[in-house]
Amino acid sequence: MLNHSVNSPSPRRWLNPLLLALVLIGLNMRPLLTSIGPLLPTLRQATGLSFGGAALLTTLPVLMMGLMALAGGAINRLFSERSAVALSLLAIGLGALWRELAPGSVQLLMSAVLGGLGIGVIQAVMPGIIKHHFLKSMALVAGLWSAALMGGGGLGAAITPWLMSAGHDWHSALAWWALPALVALVAWWPVSRGAVSPGRGGRTPRPKPAAQPARLAARRLFRPDQRRLYQPDRLAAAVLHAAWLAAAGQRFAAGADDLRPGIGRVAAAGAGAQS
């Protein structure tokens, strides 16, 4: 059983470090996708990727996130929260680093799959982590998590072209995002040791549910998966909007495009994607 103090805003001894670790993790959930858009013309020219292949750099991670959302129950059974997050951050970091070591088109696509796998696992287990360890402040922590996701996406789109303009090659600029993943891993591992109390098999023990009619049990079992079916669509919409804004911003800066009509459509669709 988790200690009762884990679910309350005190003690300050570990709560603030754990909350900081979650924010750092959230900042790593979007740069893998949003860092591609600003460098897309250079990336396509260097690798020979077609428009379809370049689109896969953002589509494949979204696909992996959707698959991991559906597999959330299996992930919780196979791994402890601590291990699932740590391995996922490692996958995100390796996916980014892969872009430096092997900047070819096939390797880029494989790095997108690896990073998307890590992001998908974290997004599948994070609601449970917030609920288990911040029960009395769920709204605050969920808000900080969402803000970290959006902030990380903005940082990915803003910092990556700046790194390239500072003298880095395009693949080096993309690989720099392995560093925040490493920082988040270093922050998560020690504080999660005190916050997570694994049971048998490395999993947190949960009370057995009360007996209920078979039909009601089947409906409740299906409903979470049914809700998860909508998550990939919402995520895909948000990522596509971020990618469009980055590319359109470059064209606007060059005087080749007018952003006003597109921004209205993106804002309306983005509001629907986040609702």
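Numbers run from 1 along the shown chain.
Backbone N, Cα and C define each Cβ position, glycine as well.
For 14-275, the entry in TrEMBL reads domain 'Major facilitator superfamily (MFS) profile'.
TrEMBL lists 51-72 (among others) with the feature transmembrane segment.
Under the heading transmembrane segment, TrEMBL lists 84-102 (among others).
Panel annotation: around the transmembrane segment (108-126), residues 22, 25, 28-29, 32, 43, 47, 49, 53, 56-58, 60-69, 71-72, 75-76, 81, 84-85, 87-92, 94-96, 98-99, 145, 231 of the same chain, lying at least six beyond its termini, place a Cβ under 8 Å from a Cβ of the stretch. For 108-126 (among others), the entry in TrEMBL reads transmembrane segment.
Feature annotation from TrEMBL assigns transmembrane segment to 138-162 (among others).
What TrEMBL lists as transmembrane segment is 174-191 (among others).
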Taking residues 6+ outside the transmembrane segment (138-162), which of them lie with a CB under 8 Å of any CB in it? 19, 22-35, 37-39, 126, 130-131, 173-174, 176-177, 238, 242, 245-246
